[in-house]
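Q: Got a structure for you, written out below as structure tokens; questions coming shortly.
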Amino acid sequence: MDKPAAAETEAPAAPSEEATAYGAADQSKKPRARIRVRHFARAKRESIRITGLTSYDYLSAKIFDDAGIDFLLVGDSAGNTVFGYDTTLPVTVEELMPLTAAVARAAERALVVADMPFGSYEAGSQEALHNATRFMKEAGAHAVKLEGGERVAKQIRRIVDAGIPVLAHIGYTPQSEHGLGGHVIQGRGGEGLEQLLRDARAVEEAGAFAVVIEMVPSDAAAAVTREVGIPTISVGAGPECDGQLLVWTDWAGFSTGRTPRFVKQYAQIGQTLRDAAVEFQNDVRSGAYPAPEHEYDQG
Ligand SMILES: Nc1nc(=O)c2c([nH]1)NC[C@@H]1CN(c3ccc(C(=O)N[C@@H](CCC(=O)O)C(=O)O)cc3)CN21
Ligand SMILES: CC(C)C(=O)C(=O)O
Ligand SMILES: [Mg+2]
């Protein structure tokens with residue numbers, strides 16, 4: 001997906017000696033071609049794995065976009081990571097709207113997906129379309145995501161018919177935590193796999209451009225990946241899906257507490273920030289900060 005066919009993108013940038021602050025892969029001054037839903041379809045056809053991270057703010061979105069992450073999900077996991085709730089259940093459209101707008105302002109290339117929060121789409125297609133439209137129109141999202149398979153197929157169809165791409169989400173669906181009886185791995189056993197396959201077929205049939213599969217055994221996710229034509233995006237669903245997505249604060253070692261088994265930590269941002277805060281505190285107390293180079297002269 002990083003290198004779409006020549007017909008649909010600009011020539012690759014010449015290697016530049018000048019590195020950006022983040023050592024980005026693409027040093028081109030030209031705007032990079034936006035990832036579109038057709039690139040998801042092509043990635044599956046060509047077995048190019050899709051990458052996604054959550055993002056909730058302008059600066060992190062800029063960094064992930066610049067690094068070449070294909071899509072940024074403004075997840076209702078913001079309930080945990082930004083707002084400090086125990087679950088995603090209290091999160092509202094009003095809370096996610098400004099976060100989505102900030103991420104959309106930052107993303108030049110990445111596809112920005114707005115996660116529809118609990119209570120914003122379940123009651124019916126009309127409410128679902130109304131709220132999906134708000135994310136597109138007021139926040140500048142490029143697609144929306146909603147949880148559920150068969151049970152939300154009607155809503156997916158209605159939103160897609162309005163020209164809004166939908167990312168589906170099956171397997172473990174955190175907004176149904178209480179209905180599912182906790183953080184329970186889905187898709188286990190014959191009946192679990194059958195339900196997962198029914199859900200995957202239903203969202204494909206309803207027009208979803210891709211489907212997130214969360215917390216299911218790898219074999220079950222692999223079966224779904226073979227069964228459906230749309231790309232599957234794993235959140236703890238193993239290596240055989242067409243893409244991988246993680247909550248960025250887990251992935252970067254910023255989250256507090258226990259992270260799920262499926263997370264690989266690629267940085268220790270939390271420890272880095274803590275060390276920096278302690279050093280700042282020490283410098284201020286000792287008078288090492290501010291130093292002459294941080295002071296203004298008389299002019
Ligand atoms: N910070 C964060 N990371 C996430 O991955 C995430 C959120 N928040 N909020 C929304 C949902 C909820 N998710 C979750 C929540 C809990 C587990 C969890 O506890 N998993 C256990 C296995 C189940 C169990 O035994 O409880 C694990 O160890 O993987 C996994 C995913 C994924 N999403
Ligand atoms: C974990 C992903 C799939 C999500 O829905 C979120 O971040 O809210
Ligand atoms: Mg979510």
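Every residue gets a Cβ built from N, Cα and C, even glycine.
A TrEMBL annotation is a machine prediction, not a hand-curated record.
What TrEMBL records for this protein is below:
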ACT_SITE  Glu214  active site, proton acceptor
BINDING   Asp76, Ser77, Asp115, Lys145  3-methyl-2-oxobutanoate binding site
BINDING   Asp76, Asp115, Glu147  Mg(2+) binding site
COMPBIAS  1-21  compositional bias 'Low complexity'
REGION    1-29  region 'Disordered'
Q: Taking the recorded positions Asp76, Asp115, Lys145, Glu147, Glu214, which residues show a Cβ-atom distance to ligand 3 below 6 Å?
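A: Only Asp76, Asp115 qualify.
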Q: Quick one: largest C-alpha distance among Asp76, Ser77, Asp115, Lys145, binding 3-methyl-2-oxobutanoate per the record, in angstrom?
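A: Maximum Cα-Cα distance: 13 Å.
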Q: Other than its own, how many Cβ atoms are within 10 Å of the Cβ belonging to the residue listed as 'active site, proton acceptor'?
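A: The answer is 23.
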Q: How long is the line from the C-alpha of Glu147 (Mg(2+) binding site) to the C-alpha of Ser77 (3-methyl-2-oxobutanoate binding site), rounded to the nearest angstrom?
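A: Given the Cα positions, Glu147 (Mg(2+) binding site) is 13 Å from Ser77 (3-methyl-2-oxobutanoate binding site).
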Q: Can you list which of these binding-site residues (Asp76, Ser77, Asp115, Lys145, Glu147) have a Cβ closer than 6 Å to ligand 1?
A: Ser77
Q: Determine the binding-site residues, out of Asp76, Ser77, Asp115, Glu147, lying near ligand 2 in the sense that the CB is under 6 Å from one of its atoms, and give them in sequence order.
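A: Going through Asp76, Ser77, Asp115, Glu147 in sequence order, those close to ligand 2 turn out to be Asp76, Ser77, Asp115.
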Q: Please state whether DSSP places Asp76 (3-methyl-2-oxobutanoate binding site) in a helix, a strand or coil.
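A: Looking at the DSSP assignment, Asp76 (3-methyl-2-oxobutanoate binding site) belongs to neither helix nor strand, so coil.
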Q: Give the distance between the Cα atoms of Asp115 (3-methyl-2-oxobutanoate binding site) and the residue listed as 'active site, proton acceptor', rounded to the nearest whole Å.
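A: Given the Cα positions, Asp115 (3-methyl-2-oxobutanoate binding site) is 14 Å from the residue listed as 'active site, proton acceptor'.
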Q: Using Cα coordinates, what distance in whole Å links the residue listed as 'active site, proton acceptor' and Lys145 (3-methyl-2-oxobutanoate binding site)?
A: 13
Q: Please list, in sequence order, the residues in the chain of Asp76 (3-methyl-2-oxobutanoate binding site) that are at least six apart in sequence and whose C-beta is under 8 Å away from its C-beta.
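A: Those within reach of Asp76 (3-methyl-2-oxobutanoate binding site), by Cβ under 8 Å and sequence separation of 6 or more, are Thr88, Val91, Leu96, Asp115, Met116, Pro117, Phe118, Pro174, Gln175.
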Q: Using the centroid of the Cβ atoms of Asp76, Asp115, Glu147 as reference, list every other same-chain residue with Cβ within 8 Å of it (recorded Mg(2+) site), in sequence order.
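A: Near the Mg(2+) site, the remaining chain residues are Gly75, Ser77, Thr88, Val91, Met116, Pro117, Phe118, Lys145, Leu146, His169, Pro174, Gln175.
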